[in-house]
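Enquirer: Pulled these features from Swiss-Prot for this protein:
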BINDING   Cys29, Cys32, Cys48, Cys51  Zn(2+) binding site
COMPBIAS  1-16  compositional bias 'Basic and acidic residues'
REGION    1-35  region 'Disordered'
REPEAT    142-225  repeat '1'
REPEAT    236-317  repeat '2'
ZN_FING   24-56  zinc finger
Amino acid sequence: MTRSTRQRERETAAKQEEEEDSEEGVRECPECGSDNLVKSSDRAELVCNDCGLVVEEEQIDPGPEWRAFNHQERQEKSRVGAPTTQTMHDKGLTTTIDWKDKDAYGRSISSKKRSQMHRLRKWQERIRTKDAGERNLQFALSEIDRMASALGVPRSVREVASVIYRRALKEDLIRGRSIEGVATSALYAACRKEGIPRSLEEISEVSRVERKEIGRTYRYISQELGLEMKPVDPKKYVPRFCSELELTEEVQSKANEIIETTAEEGLLSGKSPTGYAAAAIYAASLLCNEKKTQREVADVAQVTEVTIRNRYQEQIEAMGIHG
C-alpha cells in the first residue's frame with residue numbers, strides 16, 4: 001500500500017468520524033467543556049447550564065405543528081394511526097374492514113357492494129393469521145387481554161405479559177402445556193414484574209385453568225426465560241384490602257408498621273404475602289378499635305382463617321403485644 005493511499009484512507013476515516021459526531025449532536029460545551037447542556041424547547045436552543053453559552057440554536061422540532069390541550073383534541077388532529085402494540089398478534093399493523101357498510105359520506109352502500117365487502121372481510125380475517133403459530137398467539141393474547149380487563153390492571157402489564165408469552169412461544173415452551181395456562185402464567189409474571197399486587201388466587205379466578213397448573217407453569221417459564229422476580233412486598237396488598245374492608249388510613253398505617261417491624265425480625269421468610277398482609281390488617285383493626293372478624297379479612301384476602309390466626313399470633317408475639 002502506497003503512502004498516498006494510506007493518507008487518503010486516514011482522511012476518509014477522519015471525515016466519517018466528523019459526520020458521525022455531527023449526526024449525534026453536540027455532547028459538550030466548546031467554551032468550558034461541560035456536558036451539562038440544557039435544551040430550551042421554547043427558544044429551540046441548546047444552552048450550557050454552567051457558563052450560559054448558546055451551543056446550538058434554531059433546532060428542528062420533530063413534534064407536530066399543531067397544538068392540542070386534551071386527549072380528544074390530540075385524537076382529532078393526529079394524522080397518524082395508533083402505535084404498534086405487543087398485545088395484538090400482528091402488533092396492530094393489520095387492516096380492519098368496518099362492518100358499518102357505509103361509504104365515506106355515511107351513506108349506505110348497494111347490496112352488490114355489501115356482498116363484495118363481506119367477502120373481503122372474510123378473507124381479511126383468514127389471512128391475518130398465516131399459520132398455527134400465529135393462531136396460537138392470537139388466541140393467547142386475547143386471553144391475556146380478557147383476564148387483564150377482569151383484574152383491572154394497567155395497560156403496561158398487558159404489554160409485559162404479551163412480551164413474556166411471545167418469548168415463551170419463540171423458545172417452544174408451549175409444547176405439552178395449555179395455551180391458557182401459559183397465558184395466565186405470563187400475566188401473573190407481568191403483574192409481579194410491574195409491582196401490581198395480584199395473588200395467584202385472584203389470577204386463577206379469572207382464568208380457565210386451575211391454580212396448581214398456573215403455579216407449575218409459572219415456575220417453569222420463569223426459570224426457562226430467566227425472569228428475575230423480587231419477592232412480593234405484603235405492604236402492596238394493604239391499601240386494596242383496607243379499602244375493600246372500609247377501614248381507615250389509621251388502620252392502614254398501623255398494618256404497614258406491623259409488617260415492617262415483624263419482617264425485620266425475619267417472620268416474613270417463606271410466608272404467603274397475602275396471608276401476611278391479611279394478618280397485619282386484622283391485628284391493626286383490633287389495635288385501632290375498628291375490629292373486623294377473621295372471616296371478613298380472609299374473604300377479602302382470599303386466604304383461610306387458619307392462616308390469619310397463625311400469622312396473627314406470630315406478629316403480635318414479635319411486636320410484644322399480648323392479645
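Including glycine, each Cβ sits where the backbone N, Cα and C put it.
Burial and contacts for the listed features, if you can.
Expert: According to DSSP, Cys51 (Zn(2+) binding site) sits in a coil region rather than a helix or strand.
Computed over the zinc finger (24-56), the whole-number mean pLDDT of the model equals 78.
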Enquirer: List, in sequence order, the residues of the same chain other than Cys29, Cys32, Cys48, Cys51 whose Cβ lies within 8 Å of the centroid of the Cβ atoms of the recorded Zn(2+) site.
Expert: Pro30, Glu31, Gly33, Ser34, Asn36, Asn49, Asp50, Gly52, Leu53, Val55
Enquirer: Can you name the far-off residues of the same chain, 6+ from the ends of the zinc finger (24-56), with a Cβ under 8 Å from a Cβ of it?
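Expert: Apart from its flanks, the zinc finger (24-56) reaches none.
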Enquirer: Provide the number of Cβ atoms within 10 Å of the Cβ of Cys32 (Zn(2+) binding site), excluding the reference atom itself.
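Expert: Neighbour count, Cβ to Cβ under the 10 Å cut-off: 12.
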Enquirer: Non-local Cβ contacts of Cys51 (Zn(2+) binding site) (under 8 Å, 6 or more apart, same chain)?
Expert: Cys29, Glu31, Cys32, Ser34
